[in-house]
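The annotation substrate binding site is assigned in TrEMBL to 127, 150-153, 217-219, 270-273, 454, 465-466. Taken from TrEMBL, the feature Mg(2+) binding site applies to 146, 148, 372. Annotation source TrEMBL lists ATP binding site at 146, 309, 368-377, 379, 402-405, 429, 456, 462. Positions annotated as domain 'Glutathione synthase substrate-binding' by TrEMBL: 209-306.
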Ligand code: ADP
Ligand code: MG
Ligand code: MG
């Protein structure tokens, strides 16, 4: 069990208690904030967003590997989003049984039928997530968990957490480690992408930029960092619900989107990534209207679909990356190195083989439906149960199977409101933010804009920060 903070610090209860108090105050000072469960839609009651007391060690080589492959993943997502045949083929079996993906796909089809709008500006803001699989020789290899192409969060708060860990390490007498905490500012990079798309849209001063928000807004401060970066550039940035847009939104004959009488240049979806976000049919109407419109969508429907787990599984098949990068064997190799084993559950002999393999050793795998937001995956004996239930039925094609990644546990303290201060065995997940803007055939921007480390107790198989399982962290490069 590795821990770079000396044991005598980790087990000194009085010191830990003092440090935890300082850490929480520092998080509040730095704006590492979240609204509370009791009042998710008001800022009268806020608390610190959950975070680790100490940063977690991450090997430098693996960290740099994750950063350096990001622009290739940006390009990949962008290429997939434009490849009609690929998306159709990859998702054919999934949309037979998964209603949510089917609805998204239907929007995609409808737009194709009507002809794409004149809009040639594409904005992609994504986050590629990884865990470090521990090899037998104790080294670790970078394995991609997924790419989030819609509503990838924590770019704002993770811009503020480095100061908290820098400070706490100093107070703990670890000045040298403190100086090794990396600066990080995904909020600025994501905002740069949004601002670029807004600029390219046209020169009218009245055009607005929309943040589509959820009904429950505990994580509003994460958004606010990006919003304030946009307001600094004098970009009118407005938060809206699907319902608001339904009431006052329309398309003009040129398919320009108007809401409250103002033209919308960019729609940034921080909502719409899971079925529960579409509380009524009007929400779907709005998503379709936006997709039809000339406004830049982040993401557009093709890019949203490119982020499905089914697409991820298909990408891992031999020859598929080559299809998108025919002349770039190095890029292909760099991306493929990060792929874990991914297996189809389509009907047929290959899918049957996957089922047999999973039933024989369920603890080696994760069973994944086409869902986002954490807490949806299936592990261990549950895999057996679910696969037995769907045996011989097309229902199984709603899932994919993935090798389970096993990182080395690291001890840390998870600071969360109203939770006891206890040492936990923890697992971390590294996210890398990508931002790109394309105008027609020209890539105007393609960047890696920062990182996110999230850490959870190893008792939990699944779940992100918003799901109440993981907490914010920072890498300490070793
Ligand atoms: P979501 O889109 O809901 O975030 P993920 O694929 O990221 O779905 O899975 C959610 C969580 O489950 C991850 O944050 C991670 O903790 C865990 N997880 C997912 N895939 C694996 C895997 N292959 N091995 C180990 N843990 C995994
Ligand atoms: Mg996801
Ligand atoms: Mg995830």
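Backbone N, Cα and C atoms are what each Cβ position is placed from, and that goes for glycine too.
Each residue in 127, 129, 147, 149, 150, 152, 273, 307, 309 lies on the same chain as 146, 148, 372 and has a C-beta within 8 Å of the C-beta centroid of that Mg(2+) site, without being one of the site residues. All protein chains shown were included, and the count of other CB atoms within 10 Å of the CB of residue 148 (Mg(2+) binding site) stands at 21. Counting residues per DSSP class in helix, strand and coil order gives 41 helix, 25 strand, 32 coil for the domain 'Glutathione synthase substrate-binding' (209-306). Checked against ligand 1, the binding-site residues 146, 151, 272, 369, 372, 404 give 146, 372, 404 as the ones with a Cβ under 6 Å from it, listed in sequence order. A gap of 16 Å separates the Cα atoms of residue 375 (ATP binding site) and residue 153 (substrate binding site).
Checked against ligand 3, the binding-site residues 146, 270, 375, 454, 456 give 146 in sequence order as having a Cβ less than 6 Å away from one of its atoms. For residue 148 (Mg(2+) binding site), the nearest of the binding-site residues 127, 270, 379, 404 in terms of C-alpha separation is 127. The Cβ neighbour count for residue 146 (Mg(2+) binding site), using a 10 Å radius over every protein chain in view, is 18.
Residues within less than 8 Å, Cβ to Cβ, of residue 127 (substrate binding site) and separated from it by at least 6 positions along the same chain comprise 147, 148, 152, 155, 431, 432, 433, 434, 452.
Among the binding-site residues 146, 148, 151, 272, 372, 379, the residues whose Cβ sits under 6 Å from any atom of ligand 2 are 146, 148, 372.
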